[in-house]
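*Asks:* Heads up, here are the entries from TrEMBL:
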type     : residues : note
DOMAIN   : 142-275  : domain 'SLC41A/MgtE integral membrane'
DOMAIN   : 354-500  : domain 'SLC41A/MgtE integral membrane'
REGION   : 1-20     : region 'Disordered'
TRANSMEM : 99-123   : transmembrane segment
TRANSMEM : 184-206  : transmembrane segment
TRANSMEM : 218-244  : transmembrane segment
TRANSMEM : 256-283  : transmembrane segment
TRANSMEM : 289-310  : transmembrane segment
TRANSMEM : 322-340  : transmembrane segment
TRANSMEM : 413-431  : transmembrane segment
TRANSMEM : 443-464  : transmembrane segment
TRANSMEM : 485-506  : transmembrane segment
Amino acid sequence: MPPRNESLEPAKTGSSIVDSAESSDDLVQTAAAAMLDLSAAEPGLATIHGVRRGLPKDPEDLRSSRAAISEKLVLLEKAPEALDEFSCLLGTPHQESCYVFLAQVFPSFMLAGAGMVVAGLLLDIVQSWQVFIKVPQLFVLVPALLGLKGNLEMTLASRLSTQANLGKTESMVDVFRLACGNMALLQCQSVVVGTLASLYAIATSLVASEDVSMRCGILVVSSSIITASSASLLLGGIMISVVVSSKCCRLNPDNVSIPIAAALGDVITLGLLAFVSAAIFQFLDALPWISLLVSGPLVLLLPVWTYVAYKNQDTRDVLSSGWLPIISAMLISSLSGNILDVAIKKFPNMAAFQPLMNGLGGNLAAVHASRMSTLLHRQRTYRDKSVQGAALNGGASISLSDSTILGASSRRGFILAALVVPGHLVFMNLVSLAKSGTPTTNVGFIVLFCTAGLVQVIALLFAARAIVGALWRRNLDPDSTAIPYVTALGDLLGTALLALVCWALLGTAG
């Protein structure tokens, strides 16, 4: 975007314009006119705010009336409610109404919950397969790989949603450029993540004094790399389609893409891991080199994917800043695994509800983090190209003033928190029906489980805002760095709270 026009003089009578508005409708109309003028004066915003609806594409057409535009900009700063309302009228996702937000989030939230239930049932089925019995390291690999791959897909969804909301998916050329860069980045990350997850599974088994043969080690590493790369190719294409389709349907991709990524990610990754490992295991004795033949080229292509991602301006920074959050998230999640390992020996039925507790809370907090990241990126696009940490709480910001970030974003946060209890009630009964054929009837468990879920989500929503703000102030892109920390904290807090629920019930029963 060209540099901001510094000759734009501040309005002398901005407050008088606000005072002279005879009604709220008049205020909204004037605010809408101001943003339309701004779209023409700032070409970078024109694609977002209606250049296809008759606005002149030449910024010089309206630049002559700079004083009038300045006055209307002051009006926008003093009328955030009008800004929110006319954004909805114009069809832009700046601040959709709470009803629109709920209508968009709820279906994808339910789909994400259903995906977690299906993933749990799928794991219950494949655990009796011969490969999982003969190679127990695959059980250790499952949570590590699902967690790492989930972070990759959700950060991809967050990045694409931000780009779409900034108007960078308006043409097929833009979509193709974004797709190439992000798919190359995703393949690069997937090969590394698949290797890390498999090495973590093997190291955990060795620390536990379990024997790991060379054949089993090769099977685990190869299965992990092949699964991660294949799942990324499939899920990456799906996420690009979801984001582009959301914009075509006038939906905010921030509200729908991350839950869909979570819903499909676990099921597809777990299913691919089961079938790939079973196929390699079947031919491991007759053709021991088959796993290396398939996974070797994926590793050799790693420099190619790295080069393509580096040459793409949209993904270059992620190559340097995106690794630490993912690896840190794996370490944090491993703490939740240790808690689960201790608690599950005393409460074996806890395993069926652990993905539900961790997954729902982490997804809701990830949606919140993605929306705040989009607001921050839009603020940077509006004002200048540099990252301004002070903008998060700065009073001079239109889109991120205290009234907006603590008002509109907090209201959406309350809506997300309100989804927790009904979501848990539905899905915990689905889990119980699938396992025992009857719904959950333990009132004490229902109350404590829902309370723990609510506490987890509220804590994660506050943590998401703090993490996004801290990363932004350090010139780090929250789209690629915030979600891994948020979901990892969700795993740790969710597992700890679920263990406390089980301990409380045991104490009550005793």
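Think of each number as a place in line: the chain as shown, counted from 1.
Just so it is clear, glycine is given a Cβ too, placed from its N, Cα and C backbone atoms.
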*Asks:* Checking distant contacts: for the transmembrane segment (443-464), what same-chain residues at least six beyond its ends satisfy Cβ-Cβ under 8 A?
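*Replies:* Sequence-distant neighbours of the transmembrane segment (443-464): 353, 357, 360-362, 364-366, 368-369, 372, 413, 416-417, 420-421, 424-425, 428, 482, 486, 489-490, 493-494, 497-498, 500-501, 504-505, 508.
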*Asks:* Going by DSSP, how much of the domain 'SLC41A/MgtE integral membrane' (142-275) is helix, how much is strand and how much is coil, in residues?
*Replies:* 118 helix, 0 strand, 16 coil
*Asks:* Is it true that the transmembrane segment (99-123) and the transmembrane segment (485-506) have 3 or more CB pairs under 8 Å, sequence gap of 6 or more?
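*Replies:* No, these stretches are not in contact.
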*Asks:* Any chance you could find the range in 184-206, 218-244, 413-431, 485-506 with the most Cβ pairs under 8 Å to the transmembrane segment (256-283)?
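*Replies:* Ranking 184-206, 218-244, 413-431, 485-506 by Cβ pairs under 8 Å to the transmembrane segment (256-283) puts 218-244 first.
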*Asks:* With pairs fewer than 6 apart in sequence excluded, do the transmembrane segment (184-206) and the transmembrane segment (289-310) have three or more C-beta pairs that lie under 8 Å?
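*Replies:* Result for the transmembrane segment (289-310) with the transmembrane segment (184-206) is yes.
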*Asks:* Given pairs 6 or more apart, does the transmembrane segment (485-506) have at least three Cβ pairs under 8 Å with the transmembrane segment (322-340)?
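*Replies:* Per Cβ check, the transmembrane segment (485-506) touches the transmembrane segment (322-340).
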*Asks:* Same-chain Cβ contacts of the transmembrane segment (184-206) under 8 Å, 6 or more residues past its ends?
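*Replies:* The answer is 136-138, 140-141, 144-145, 148-149, 152, 156, 212, 217, 220-221, 223-229, 231-233, 236, 298-299, 301-302, 304-306, 308-309, 312, 315, 318-319, 322-323, 326-327, 330, 334.
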